[in-house]
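Chemist: Dropping a structure here in structure tokens format, bear with me for questions.
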Amino acid sequence: MNNIVIVGLQWGDEGKGKIVDYLSENADVVVRFQGGNNAGHTIVVDDEVYKLNLLPSAVLRPGKISIIGNGVALDPHALISEIESLKVKGVDVNYNNLMVSESCPLILSIHKDKEKLFEDLNGNHKIGTTNKGIGPCYEDKVGRRAIRLCDLENADELNKRVDILLNYHNAIRKGLNYQVVKKEEILKEIQEISEKILSYKKPVWKILNDLMKEGKKIIFEGAQGAFLDIDHGTYPFVTSSNTVASQAITGSGLSSNAYIIGVVKAYTTRVGNGPFPTEQKNEVGDSLFTIGKELGTVSNRRRRCGWFDAVLVRQAVQLSGVSSIVLTKLDVLNSFDTIKICTGYKYSGKMYDYLPASHSIQGELEPIYEEFPGWKENTQGKRSIETLPINLIKYIEGLEKLIGVPIHLISTSPKREDVIKLKDF
């Protein structure tokens with residue numbers, strides 16, 4: 001099991017960062033393959049809290065190689081800022097342990113401007129983006145006008161790419177009576193960061209293939225979750241990249257068989273707008289929010305909270321070919337008398353065992369629940385299966401039956417070491 005892909009199976013914020021950090025102890029390389037600094041991974045090591053946005057979670061482990069693949073939308077200023085903030089905490093990030101794909105499309109201020117502009121134009125129909133410029137950057141990539149990291153090396157090529165980029169963006173800005181951007185402004189923005197960011201530029205696809213031939217253990221670290229996937233998520237309330245496991249190949253350049261692990265919370269959360277069948281706009285939701293400290297790592301927005309949705313997770317398992325589940329934040333459920341799991345939906349007299357693609361239907365689905373008795377016992381920080389209450393074990397067994405995949409690990413706190421291995425992978 002040399003290659004592992006780790007993906008979220010809900011709407012992100014499942015705790016992937018901690019799990020990647022935990023598993024990377026026995027890995028050599030960790031690769032980010034999609035998303036950008038709209039992702040937020042929180043890791044607690046020796047009571048020190050680290051919040052990562054672009055950097056792979058293995059950056060906190062000495063001797064590991066961290067790679068940012070071509071599928072990532074790269075904000076160069078954000079990356080350098082994140083590196084420098086870690087150095088203040090004693091974490092050494094350098095061009096020997098961090099490599100960035102030369103093909104990464106760059107996020108510039110013009111992308112953030114466009115995202116905010118169109119969110120404002122959408123009024124009450126906002127997607128609820130992070131305003132980090134991720135979507136507009138991916139638009140430019142698909143439109144073949146993006147500036148890539150490799151373009152920064154050649155002044156003539158860069159000038160040409162900036163002209164192409166501004167022809168598009170300024171046409172839109174003029175049409176909306178928005179101030180146009182001067183070429184000198186974009187060039188200055190890029191030149192401020194070029195020297196620092198280019199020191200990390202590498203042919204990542206080639207390095208990964210060489211590392212695989214050497215027998216190195218590689219973890220691919222997903223961002224967001226399955227139902228934020230641009231194709232398979234709750235469209236249009238999704239992110240602008242593919243978040244399912246197959247994107248690990250496209251977004252890194254390494255084509256190989258991998259063992260796929262899905263990470264889920266013991267309940268469900270979502271940031272921003274969009275359908276959420278099991279959302280609890282009541283005391284249950286308030287309790288999950290308060291106990292789980294459910295604020296977005298990047299946006300600092302309140303996460304919407306609800307019961308575990310086995311229909312969604314089962315669908316995500318199938319979309320990503322998941323073989324194993326890691327269950328996080330079980331300790332948040334300690335105080336509940338009764339815990340519910342969604343096992344199906346009803347809509348207009350019809351039963352559904354999957355999430356329909358239609359946005360108009362998704363927002364009207366009525367969840368069908370199976371109830372489980374709570375365990376009413378403090379499980380935070382527990383590290384052995386023998387110490388777990390019987391009702392918690394029954395809850396885990398119920399989840400396994402409903403989603404059709406074994407749960408191998410559970411997490412009982414944000415701390416790195418608070419993990420219980422239920423089964424061998």
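Glycine too: its Cβ is placed from the backbone N, Cα and C atoms.
According to Swiss-Prot, the feature GTP binding site maps to 12-18, 40-42, Arg303, 329-331, 411-413. Annotation comment: Swiss-Prot describes Asp13, Gly40 as Mg(2+) binding site, evidence class sequence analysis. Summarising the annotation, Swiss-Prot assigns IMP binding site to Asp13, Glu14, Gly15, Lys16, Asn38, Ala39, Gly40, His41, Thr130, Arg144, Gln224, Thr239, Arg301. As annotated by Swiss-Prot, active site, proton acceptor applies to Asp13, with the evidence given as sequence analysis. Taken from Swiss-Prot, the feature active site, proton donor applies to His41. Annotated substrate binding site per Swiss-Prot: Thr297, Val298, Ser299, Asn300, Arg301, Arg302, Arg303, in sequence order, evidence recorded as sequence analysis.
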Chemist: Where Arg302 (substrate binding site) and Asn38 (IMP binding site) are concerned, what is their Cα separation in Å, rounded?
Modeler: 15
Chemist: Rounded to the nearest Å, what's the C-alpha distance separating Leu330 (GTP binding site) and Asn38 (IMP binding site)? Just drop the number here, would you?
Modeler: 25
Chemist: Out of Arg302, Arg303, give me whichever of these binding-site residues has the highest number of other Cβ atoms within 10 Å.
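Modeler: It comes out as Arg303.
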Chemist: By the DSSP assignment reduced to helix, strand and coil, which category contains Thr412 (GTP binding site)?
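Modeler: Assignment for Thr412 (GTP binding site) reads coil.
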Chemist: I'd like to know which of the recorded positions Asn38, His41, Asn300, Arg301, Arg303 sit within 10 A of Gly15 (GTP binding site) at the Cα level.
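Modeler: Neighbours among recorded positions, in sequence order: His41.
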Chemist: Which of these binding-site residues has the least crowded Cβ, counting other Cβ atoms within 10 Å: Asn38, Thr42, Gln224?
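Modeler: It is Thr42 that, of the binding-site residues Asn38, Thr42, Gln224, has the fewest other Cβ atoms within 10 Å.
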Chemist: Using the structure shown, find which entry in Thr130, Asn300 (the binding-site residues) has the sparsest Cβ neighbourhood within 10 Å.
Modeler: Asn300
Chemist: Rounded to an integer, what is the Cα-Cα distance in Å between Thr42 (GTP binding site) and Asp13 (Mg(2+) binding site)?
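Modeler: Distance between the two Cα atoms comes out at 9 Å.
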Chemist: By the DSSP assignment reduced to helix, strand and coil, which category contains Arg302 (substrate binding site)?
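Modeler: For Arg302 (substrate binding site) - judged by DSSP and reduced to three states - the answer is strand.
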Chemist: Relative to the Cβ position of Thr412 (GTP binding site), how many further Cβ atoms are located within 10 Å?
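Modeler: 23, counting other Cβ atoms within 10 Å of Thr412 (GTP binding site).
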Chemist: Spatial neighbours of Gly12 (GTP binding site) among the binding-site residues Asn38, Gly40, Thr130, Gln224, Asn300, defined as Cα within 10 A: which are they?
Modeler: Gly40, Gln224
Chemist: Radius 10 Å, atoms counted are CB only; among the binding-site residues Gly12, Gly15, Gly40, which position scores highest?
Modeler: Gly12
Chemist: In DSSP terms, helix, strand or coil for Gly15 (GTP binding site)?
Modeler: coil
Chemist: Quick one: of the recorded positions Asp13, Lys18, Gly40, His41, which has its CA closest to the CA of Arg303 (substrate binding site)?
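Modeler: If we rank Asp13, Lys18, Gly40, His41 by Cα distance to Arg303 (substrate binding site), first place goes to Asp13.
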